[in-house]
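Trainee: Got these off Swiss-Prot a minute ago, pasting:
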- Gly15, Pro16, Met17, Tyr18, Ser19, Gly20, Lys21, Thr22, Asp88, Glu89, Ala90, Gln91: ATP binding site (BINDING)
- Glu89: active site, proton acceptor (ACT_SITE)
- Cys145, Cys148, Cys183, Cys186: Zn(2+) binding site (BINDING)
Amino acid sequence: MYGPKDHGWIEVVAGPMYSGKTEELIRRIRRAEIAKQKVQVFKPEIDNRYSKQDVVSHAGDKIQSVPVRSSKEILEKLLDDTDVIGIDEAQFFDDSLVEIVSKIANNNRRVICAGLDMDFKGEPFGPMPKLMAIAEFVDKIQAVCMVCNNPATRTQRLINGKPAKKSDPVVLIGAQESYEARCRKCHRVPK
């Protein structure tokens, strides 16, 4: 992704689980490193599925990151000479991430955010809708529906093989749920 010279900007990579959001974030960060740009990658501390320290894609690609408890901590840990900032699992951050990302971009830095645009209910997730609104570049990518093989834009949460209910909590840490990519037609959220 190429942006204006001597200006900061925001990029968002959004989509359902298994669409390659983290792989795309890692790819963009690696390209910046090849170009000798200073990079820093942040992720929410609660994302410890594959690694506590690294951002790891489902395919196993990984890149070193700084786990943070809140979006405010990104500013505290951001180094002065960083050119490109990556933020994975942006949906798990609080709404102040939008203001923080804007502040960073306004200081002539490139910010790349990756995350789920919708929760398992098919509703906008965390700060992602606002990030997509203020970003200069937005890529909404799809996975493949596990039921019908059409393009998937939603994440289906399954508990013991059955769709999670609308009343279930949006974020479940360490629970025995699983996820599948689904298209609009095959996505189910029972009441």
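A Cβ is built for glycine as well, from the same backbone N, Cα and C atoms used for every other residue.
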Trainee: What is the one among the binding-site residues Cys148, Cys186 whose Cβ has the most other Cβ atoms less than or equal to 10 Å away?
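Mentor: Compared across Cys148, Cys186, the most Cβ atoms within 10 Å surround Cys186.
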Trainee: To the nearest whole angstrom, state the Cα distance for the pair Lys21 (ATP binding site) and Glu89 (active site, proton acceptor).
Mentor: 9
Trainee: Compute the C-alpha separation of Cys186 (Zn(2+) binding site) from Met17 (ATP binding site), stating it in Å without decimals.
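Mentor: Approximately 15 Å lies between the Cα of Cys186 (Zn(2+) binding site) and that of Met17 (ATP binding site).
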Trainee: Could you check which of the binding-site residues (Met17, Asp88, Ala90) sits closest to Cys148 (Zn(2+) binding site), going Cα to Cα?
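Mentor: Minimum Cα distance from Cys148 (Zn(2+) binding site) across Met17, Asp88, Ala90 lands on Met17.
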Trainee: I'd like the number of other C-beta atoms within 10 A of the C-beta of Ser19 (ATP binding site), please.
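Mentor: Other Cβ atoms found within 10 Å: 24.
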Trainee: Only counting partners 6 or more residues apart, tell me which same-chain residues put their Cβ under 8 Å from the Cβ of the residue listed as 'active site, proton acceptor'.
Mentor: Lys43, Pro44, Asp47, Ala114, Gly115, Leu116
Trainee: If you draw a 10 Å sphere around the Cβ of Met17 (ATP binding site), how many other Cβ atoms fall inside it, taking every protein chain shown into account?
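Mentor: If we count other Cβ atoms within 10 Å of Met17 (ATP binding site), we arrive at 20.
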Trainee: What's the longest C-alpha separation between any two of Gly15, Pro16, Met17, Tyr18, Ser19, Gly20, Lys21, Thr22, Asp88, Glu89, Ala90, Gln91, the listed ATP-binding residues, in angstrom?
Mentor: 16
Trainee: I'd like the Cβ neighbour count for Cys183 (Zn(2+) binding site), meaning other Cβ atoms within 10 Å of its Cβ, all protein chains included.
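Mentor: Within a 10 Å radius of the Cβ of Cys183 (Zn(2+) binding site) lie 21 other Cβ atoms.
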Trainee: Tell me the Cα distance separating Gly15 (ATP binding site) from Cys183 (Zn(2+) binding site), rounded to the nearest angstrom.
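Mentor: Counting only the Cα atoms, the answer is 12 Å.
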